[in-house]
Amino acid sequence: MDNLSLLMGGFGSVLTPENLMYCAIGVLLGTFVGVLPGIGPAMAVALLLPVTYGLDPVAAFIMFAGIYYGGMYGGSTTAILLNTPGESASVMTALEGNLMARAGRAAQALATAAIGSFIAGTIGTLLVVFFAPALASVAVEIGAPSYFALMVLAMVSVTSVLGGSPLRGFIALFIGLTIGLVGLDLNTGQPRLSFDQPLLADRIDVVVVAVGIFALGEALWVAAHLRRSPVRVIPVGRPWMSRADLKRSWGPWLRGTAYGFPFGAVPAGGAEIPTFMSYITEKRIAARKGQDEFGRGAIEGVAGPEAANNASAAGTFVPLLALGLPVTATSAVMLAAFQGYGIEPGPSLMTDQPDLVWALLASLLIGNVLLLVLNLPLAPVWAKLLRIPRPQLYAGILFFATLGAYATNLQAFDLFLLLLLGLLGLLMRRFALPVLPLILGVILGPLMELKLREAMAISGGEVDALWSEPLAVVIYAIVLIAIVAPLVLRRIRPAPAAVAVEEGLAEDATPDATGDLEEEEKVR
Amino acid sequence: MRPLTRHGTSRGAARAVAVVAALSATLLLATGCGVTRGPQSSDLTMLIPNSPGGGYDQTGRAAIAVMENDDITGGSFEVTNVIGAGGSVAMTRLMNAEGDDRTMMTAGLGVVGSLYSFGAPYKLDDATPLAQLIEDQEGVLVPPDSPFETIEDLVEAWQADPGSIVVGGGSSPGGPDHLFPMQLASAVDIDARNVRYVPYDGGGPLTSALLGSKIDVGFSGVGEFTGQLASGELRLLAVSGEERLKGEGISQAPTLTESGIDLVFTNWRGVLAPPGISDERRAELIGMLEEMHETPEWRQALEDNGWIDEFKTGDEFTAFLQEQDERVATTLEELDLL
């Protein structure tokens, strides 16, 4: 427990009233900038980094930690309240989170996100403290074949969110996969589906797709029905989480952390896959328990992905500190920041500059605590934002969504793209096509292609390279079990209970588009 | 805000909305939405063909910082990052600004390749070339447990069986990290089409592929790997420029020419102006860049970033651009990528 005493030493150098004040300012600034649509954590940290210049290293660290956690949490806030995720990692949070918000449970969604982030961030940072060097050397051994196997597993899982009509689900999935193809082919440098439009060459940003389909499509759909439906004010919920909410959130928080951390710790993991896997897992568990609220705003669907997102973010410190490898946009910004503070990440970091590293890790833990302390009371305040009457609320969402899409690249073309995608979102709602498979197609398709082609390029086209890594074989075994087990179970044990679960799965998998439809029809 | 108060929404929510709105406004201003300026102003615009923090951005902004600090242009600069298609979008904007003698653009080798990939109807020398500012060397990198101790070992194994060596780089085809191994292969009589090149999304993923020995050798800008080279996590077999570089784990690496390979390959960056500006104005802009080049601040910027001082202007730069364009075209043609 040598590391523990070193960490305590870190706390000793960090914990002063003055430093806590810097941290609190960092958390608030981070949250407010992160809340702006189109600004993900990477952008928030980059924008606010100059604020920490001129402070002594320890004060700069702790303020930075505050900005970092604040920025991440701010991104989830917009995803939940306005259905406009600021980065691909919070797309899953937006799904159930926004449904909760529209059912008057925004405060609970924000609270479970904040506590989940806290728990995942704390566990993740502690794992970094104790295992970073050991994990890093294992992590680089994982290559393209294993990542590809993971993508196959994720794709197979997509089938469980296709919705009541598999045909509609597959249509949506393939539209998503097609959108994911647009742009420059990384291996040959040739443009695909870009219609000679250079602005389409850099692929269509997942965030633009999510904001277009979720926020814009929804706003247009509501606008199209505004005159025909009575004014429906979002009910005012309780301001705090109930005991039942807490009970339902515990499991997802811990499972989300377990998904997120390993993905963050490996160099090409990212947060998309673990947030998605966490969402699927929680949905299945809820269905099995027979209390599936998914599609109507399930708190598990916010707690799990949010925890996975934050645990993955904490995990990225493993390659960052131990190898000097930035694996996400946010960690690339952080690497630059650390170098500015005089930390040179790499294998010798832990032995060369232990004081700075332990002060940094202690700062991250303190930043996490302050985030919770400052943001939990704010949750009901944010939630009141939704009490704005519908026309004004949706006008505001349109405004912020447009602003966000423009602010990322300052290209008018992105606005055109956003409107086009919004129209697609409206049409999908009109024809009851589920939107979730589309978004997953956009996220998973390119990742899957990238890893397959990397594996193929390395092996020189030898297909058996795909199962050349032990981890890949294990994952394929899991895929096989996931496909075969339900079929076998149904055949050997056609007990009514098992059938009921299967049907329950299919029906409860009602995607939110059809959910919206039903909701709107009820209103009518 | 009126509907808010009318419906009696709490002041907390109203305040939150106000803060968000105010912050968004600040953000838009900060990212630069065009500034009106009078006809007499000496303010200039600099187009940067990639995102903030990237290579072109660093070079462009360093040059601007020096020029503003020493009041060389008599005005200030507005920097616009025009992101897209590896610089083709920025290049299109520059070509469309024909005759605008208050705009410049930072460009480099990567933009040359992108213009081909996207079938752009123009080349860099169709604009008004002003000056090359810097040069960056590429390196040949291997993991520490690699069987290749020297560049000769690598070339020998590569010539014996081109398909046995998997090379990686941090750029897509047409980019510097792709062109370098292809030109190296050609220089040692290996058919470039037999080179097994795996593109990675920048230096981070390339490093992890090297550390995990997923690929045999990596080709990328040396500057990005100073930390890994100093700590011995990666080994540098050779550098691509005319002279050796300084630094721990770097200075012992020979140049290719020292090792008997007839190839000098550098990634360079420079500044262009739109087409159709007057010769007097062109000379004036070049003069500003020359003055910038002579300052101690620029020396410092070169040193801080590990850039090599390779400055050429006017017709010499134009000729260099034409030669570079030809080399890129030849390489891509050999690979059937054109």
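Cβ from N, Cα, C; glycine included.
Quick look at what TrEMBL annotates:
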type: DOMAIN; residues: A:20-440; note: domain 'DUF112'
type: TRANSMEM; residues: A:20-49; note: transmembrane segment
type: TRANSMEM; residues: A:61-82; note: transmembrane segment
type: TRANSMEM; residues: A:109-132; note: transmembrane segment
type: TRANSMEM; residues: A:144-162; note: transmembrane segment
type: TRANSMEM; residues: A:169-186; note: transmembrane segment
type: TRANSMEM; residues: A:206-224; note: transmembrane segment
type: TRANSMEM; residues: A:317-338; note: transmembrane segment
type: TRANSMEM; residues: A:358-381; note: transmembrane segment
type: TRANSMEM; residues: A:393-425; note: transmembrane segment
type: TRANSMEM; residues: A:431-450; note: transmembrane segment
type: TRANSMEM; residues: A:471-489; note: transmembrane segment
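When Cβ-Cβ distances below 8 Å are used as the criterion, the transmembrane segment (A:393-425) is approached by residues 36-39, 43, 78, 82-84, 86, 175, 197, 199, 204-205, 207-209, 211-223, 386, 435 of the same chain, each at least six residues removed from its ends. The stretch from A:20-49, A:144-162, A:317-338, A:431-450 that makes the most Cβ contacts under 8 Å with the transmembrane segment (A:358-381) is A:20-49. Counted over residue pairs 6 or more apart, the CB atoms of the transmembrane segment (A:109-132) and the transmembrane segment (A:431-450) come under 8 Å in fewer than three pairs, which marks the two as apart. A contact links the transmembrane segment (A:20-49) to the transmembrane segment (A:317-338), because at least 3 Cβ pairs that are 6 or more residues apart lie under 8 A. Highest Cβ pair count under 8 Å relative to the transmembrane segment (A:206-224), across stretches A:144-162, A:169-186, A:317-338, A:431-450: A:431-450. Cβ atoms under 8 Å from those of the transmembrane segment (A:431-450) belong to residues 88, 91, 95, 147-148, 151-152, 154-155, 158, 161-163, 165, 168-181, 186, 203-204, 206, 209-210, 213-214, 217, 270, 272-273, 276, 425, 511-514, 517 of the same chain, restricted to positions at least 6 beyond its ends. When pLDDT is averaged over the domain 'DUF112' (A:20-440), the result is 82. Away from its own ends, the transmembrane segment (A:471-489) comes close to residues 142, 145-146, 148-150, 152-153, 156-157, 498, 502 of its chain (Cβ-Cβ under 8 Å, at least six residues beyond either end).
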